[in-house]
Structure formats: C-alpha cells, structure tokens
C-alpha cells in the first residue's frame, strides 16, 4: 500500500510523525505537509504565489507556506511517484467534530485526496497525549482496507478519544453533530497601542446526542463519520423554487 500522508499541524507535529512511523511498518509512506501550523485553513489553495518544497533526510517533504490542500495537490500530481493508493491526513492535535469539519485543514487534506480520485481518511485525536492510540486505530483500519476495499466514494472522518488503547471501547459509525455559534473575539494591544484581534475558541456542543460524533468520543468510542462534498441542500430545492414563483423573481426585473 502506498500512502500519501499530510496534515494541518505542520510536518514536525507529533501526530503526523507518530502516524508515519507506525504506517511505515507495513506501507510505503510519503509525507507531504505544511512547514508550519495551518490549522483552520480549510480547503484553501495557494493561487497568487509559487510554492517551494524542502525535503528532509528521511524523505519527508515540507511545503513552505503551503496549505494542507496544496500539500495533497502537489503530493498527488508531482511529488509522489508512483501515485498513492490512499490519502491519509493526521493525526490532528485536537478533535474535528461536528461543525469543525467546515474549517478543518485536516479534513480538507482528505477532501482534496478524494477530489483527486483517491480513498481518503482524516484522523484526529481528542487531545494531545495518546497519539499512539490514534496511530494504532488508523493502522487497523488501513490494514482492513487492504484486505477489503471500502468503495463508498466518501471520506472517513475518524476521531479517537485521548485514551490508552486498552481503554477504547470500540468504533461507532456516526453523523456530524453541531456546535453553538462561536462568538468570542479576544482583543489585545500591540506595543504601539494598535488593537489586535484573536479568533476565540469554537462554540460549545449543541447537537451532541446519541448517534453523533461528539457522543461517541465522549463515551470512549472511536467515531467514524462518512463525509461527502456535495453541499447541495436537495430538500430545499423545491422550497426555493416555490418561493421564487410566489414572489415573482425571475419573471420581472
């Protein structure tokens, strides 16, 4: 199995390094990751400037100022030859649950892999300690995929409780929960008296009941949520169409 491995925490982050070491025991792994933390970069691409890369002695490649999506795009289309069999993103430091998937560079890297035609996993740890647990879970899933491919055409968003492996209760297939809107902005002043702003933490849990990714992780289970990129609200198409007809928009300007 050939694996393109990326993340949004940066090429030196403990999550990606722990996972790369574990994966290399049974797979051919090419790390292509940002040279710095790009958390929250979502699916952004660098279009207004060129991208430079740096290759370390162990073969890992850092993309200077690159986004997670840049890294996967370059990895698939230029840097990994032969091309990978699968794209894996992670292990993220902290969860990507519910609405987090909209902003997550970890999930975005997996989405880019899927967009380019490859199976893809996004892996996150609900904390900053037991990366070895998340690596073991990921390796188990990838070994299973080697034996029997999962042809859903979907991204698997995997969130792992920050627990020792022997305390993980199992795996649940879940849906994305939701968070309350984030509303905190943290102002500071620079030495010249100018105001600076920091984006605050994400909103608290809103829909976090049974069946959600939040609930699974809180209860000690690995959460696997299949994701797709069709953002069309199909059930709303008729509502919008009826509304346009009723108000006359499009029949006269």
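Glycine is treated like the rest: Cβ placed from N, Cα and C.
The annotation divalent metal cation binding site is assigned in Swiss-Prot to 8, 9, 39, 92 on the grounds of sequence analysis. Cβ neighbour count for residue 9 (divalent metal cation binding site) (all protein chains, 10 Å cutoff from its Cβ): 23. Annotation note: residue 9 (divalent metal cation binding site) sits in a coil segment as assigned by DSSP.
Summary for the binding-site residues 39, 92: the Cβ-based neighbour count within 10 Å is maximal at 92. Neighbouring residues of the recorded divalent metal cation site, listed in sequence order and excluding 8, 9, 39, 92, comprise 7, 10, 13, 15, 37, 38, 68, 93, 94, 104, 105, 106 (Cβ within 8 Å of the Cβ centroid).
Every protein chain considered, the tally of other Cβ atoms within 10 Å of the Cβ of residue 8 (divalent metal cation binding site) stands at 32.
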